[in-house]
Amino acid sequence: MTPTPARSAPASDTPAPDAPWASAPADALAAVGSSPDGLTGAEASRRLGETGRNELPPPERPPLWRRILSHFQDVLIYVLLVAAALEAMLGGWVDFFVILLVAVVNAAIGFIQEGRAESALDSIRQMLSTSAEVRRDGAWARVDAAELVPGDVVRVRAGDRVPADLRLLDATNLRVEESALTGESVPASKDADAEVDAEAGVGDRSTMLFSGTIVAAGAGSGVVVRTGAATEIGRIQSLVESAEALDTPLTRQLARFGAQIALLILVLGLVMAVVGHVVHRWEPADLISASIGFAVAAVPEGLPALVTITLALGVQQMARRRAITRKLPAVETLGSVSTVCSDKTGTLTQNEMTARTVRTAARTYAVSGVGYAPDGVVSAVDDGTAASLDAHPALAALVETMALCNDARVVPDETLGWVLVGEPTEGALRTLGLKAGVTTAGWVRRAVVPFDSAVKYMATLDVRGGVGAVLHVKGAPDRVLGRCTAQLGEDGRPEPLDVAFWEAQVDALGAQGLRVLAAARRDASSERSRRAAGTTDPMDTVTDDDLVDLVLVGVVGIVDPPRPEAVAAIADCHAAGIGVKMITGDHAGTAAAIGKELGILDAEGRPAGPGGTGDPDAPGVLTGPELESMSTEQLKAVVRDVDVYARTSPEHKIRIVSALQAHGQVVAMTGDGVNDAPALTQADVGVAMGIKGTEATKEAMGIKGTEATKEAAEVVLADDNFATIERAVEEGRRIYDNVRKSVLFLLPTNGAQALVIFVAVLFGWTLPLEPVQVLWINMVTAVTLSLALAYEGPEAGIMRRPPRDPRATLVDRASLRRVLLVSALIGGAALLVFYVEREGHMTVDQAQTTAVTTLALGQLAYLFSCRFLDRSSLTWDVLRGNRVLWVSAGSLVVLQVLFVYVPFMHTLFGSASVGWRGWWVPLLLAVAVFLVVELLKALDRRAAR
């Protein structure tokens, strides 16, 4: 018989209620103009034309030419391009091509390293299901998920990916893995008939299924109420798109610094032009040539490439430490981080549920070990000894019940270690049994009552020879306790049930942030025999009526435990002046308990880290609803004094990060789920964690969710280790120090060259340096020697100093004084050598060659002083710890010898051979430069004390 096609209800003017999770199923269907039989094919096609495909819209991408040109938008590059153009006008093609090549290479490096910023949105789009089981024309059919429309009725089963946002119509034991959206480590139970408030957060909408999430257990059906960009995951995409991508402190400082240098070059260039033309009557061509030489000398064209190389070397070093950097400037920004905002599940915690406490009627037991690996023991708290099952019959009964009333398995994996197949809570109980040494061999399951969120328990009927049939039950303590009439005593025999005792135990464990499950059992052998004798079909069954007169065997406290390395890393962050804030979807009690274990909160629940105002009235934990009720200014007032945030949504995370940034904080945000992606984009540094998880999570949400997070982040931790952040911060500080060392080295290099040309023009003297010789010094000495500083190790006490103020200048007053002094020393020495030697026995070419050697050796001597920013270089340490420096120094000497003595170099650069005098005079002056700089550093240290 052919089924009659179902009629669609008339389309409503409102496509979906504002809060479908708070509506009854019938009202949700009516709001989208549908019925339990779904839509007809014709109606679905019509709606598809109106609403569009169930896909996330692709972002607008700038054209390739615009992305390339953006990397030329640097004021120092502008100066070089102008100088190159003037050289071309004067016919200096060698100088033109060299200068132009420097600018092009710098832009190419930036273009390649930045990559594709839109890949975060691509990863989120890939999370969507490719097909869905939908009811069309009165029959179930599988269609492309992109063709779903509001009003379609969709059916899902365990393992399915939800294809759109659905309002449930019916659900059977339905649990959904939503951790990447909500941060919850336990699959969410779903109930089509639950009463949900219209203001409920995403994690509390138990009547809804969200696009991209995974059905962990059970089955159900629902009506589509949101598709495409209107879904929860689509809303997150819009948050990623709208989150402002902030510049890093280093890029801001370099941009400001470059503008200041360009302005100084312009002013001094005008002074040179006026003096040269008015006072000395120079020809325009000579004046332009001198100006080009001054510009090339003054512009630290090696600085952009040097900073890029320094950061790239830092990327390699961080990769060895298991931190992969996607965007170069983020390496430095880590060094100025003052606050780390971290997701809890899978970041600060294992994301592997673990049984921690076991309670029987007579004793409390502690369980060691974390995660699903059966490494650990169950020991009695009173004496600390490992508990054998033979000597502790109540414990044996409890862990056996939890192992038998269980559908999960934990299996070894060569790559991932022990892996869970099943639901996380049951995995924790299965591992508990392995640690305790319980065996389920010989037991045969005859019947099962699956877990249902309505009754909150699971029951199995298990049979073993010599024991008979036993009912095993586990579930919520209040539900299990209500079915018990006795408890198992220490000797393994039933005794009267003490309800008040167990309620107190459950409350105490819950106050510790543990999820508590109770276990009960009852012998069912005689009952099973009577049933078998009274029927011709002796199939075993278990009904709700059978679950009475149970014997409570105990309770187990389960938690997603903190990572041990995270505790140490948080302490290190606090010592370095870095605040750590935990942002989670868990309830406030659980979040506070984990916060105390991690050291984020002290024993009284107050913030334990730096950065707060010390307000005694600030809440220890702030929840999402409380945050929702706050204005921006109210949140800004308390955000520094709250270190734990619970029941949060993606919007809350962005508000928290933004409020911290409003206080001038440099914020790093860590996370491993799609729900973290918008906040990672908003933060100064987004730090994504790795991809370890359950099989279901990795197959579905885990990998894709983590990929979206990684693409939104600047840094990815490959080892799932929060402690890597502390090492990355140290590396970031080292890199910034090395950038400062390079800048403090380069500026006097260019300053000395510019001073030589400026003074010569000012007084109408012969130029001591030709423009091509300036290029030689820049290419061979400045870049080669300063590159050695990129390999410097960390300064002593680098992690005992507070975070760097991002508003602090790259070159402070003391550093500027040093730059000016060294520029004057090296430049003055070169001028002195040139004019003394020219008036003596040397030709102009020989005098210029000696001046170039003076500059080169002076910079080499200053390089050793720059190895340490503040402490003295007059120690043996200056000769150790950096082989690259010695390679660079040796290379410089060899190249300078070639510059002086090789005829080809004479032709190309206008140099000439000199005698020993052309070496020992520059060498003595170089030593003098080193000693004067060290004296200046000593005076600065004395003034600082």
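Even glycines carry a Cβ here, placed using N, Cα and C.
A TrEMBL annotation is a machine prediction, not a hand-curated record.
Taken from TrEMBL, the feature compositional bias 'Low complexity' covers 1-31.
The feature compositional bias 'Basic and acidic residues' is assigned by TrEMBL to 44-53. Taking H, G and I as helix, E and B as strand and the rest as coil, DSSP gives the compositional bias 'Basic and acidic residues' (44-53) the counts 8 helix, 0 strand, 2 coil.
Summarised as a single figure, the pLDDT of the domain 'Cation-transporting P-type ATPase N-terminal' (19-92) averages 80. The annotation domain 'Cation-transporting P-type ATPase N-terminal' is assigned in TrEMBL to 19-92.
What TrEMBL lists as region 'Disordered' is 1-60.
The transmembrane segment annotation in TrEMBL covers 92-112 (among others).
Long-range neighbours of the transmembrane segment (261-280) within the same chain, counting only residues 6 or more positions beyond its ends whose Cβ lies under 8 Å from a Cβ of the stretch, are 75-76, 78-79, 286-287, 290-291, 294-295, 298-300, 754, 758, 761-762, 764. Per TrEMBL, transmembrane segment is recorded for 261-280 (among others).
Look at TrEMBL and you will find 292-315 (among others) tagged as transmembrane segment.
Per TrEMBL, transmembrane segment is recorded for 743-767 (among others).
Sequence-distant contacts of the transmembrane segment (773-794) (same chain, at least 6 residues past either end, Cβ-Cβ under 8 Å): 95, 98-99, 293, 296-297, 300-302, 305-306, 309-310, 313, 730, 733-734, 737-738, 741-742, 745-746, 749-750, 753, 757, 848, 852, 855-856, 859-860, 863, 866-867, 881-882, 884-885, 887-889, 891-892, 895-896, 899, 909-911. TrEMBL lists 773-794 (among others) with the feature transmembrane segment.
The transmembrane segment annotation in TrEMBL covers 815-835 (among others). Away from its own ends, the transmembrane segment (815-835) comes close to residues 740, 744, 747-749, 751-756, 759-760, 765, 768-769, 847-848, 850-852, 854-855, 858-859, 862, 921-922, 925, 928-929, 932-933, 936-937 of its chain (Cβ-Cβ under 8 Å, at least six residues beyond either end).
The annotation transmembrane segment is assigned in TrEMBL to 847-864 (among others).
The transmembrane segment annotation in TrEMBL covers 884-904 (among others).
The transmembrane segment annotation in TrEMBL covers 916-936 (among others).
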Among the ranges 743-767, 847-864, 884-904, the one whose Cβ pairs under 8 Å to the transmembrane segment (916-936) are most numerous: 847-864
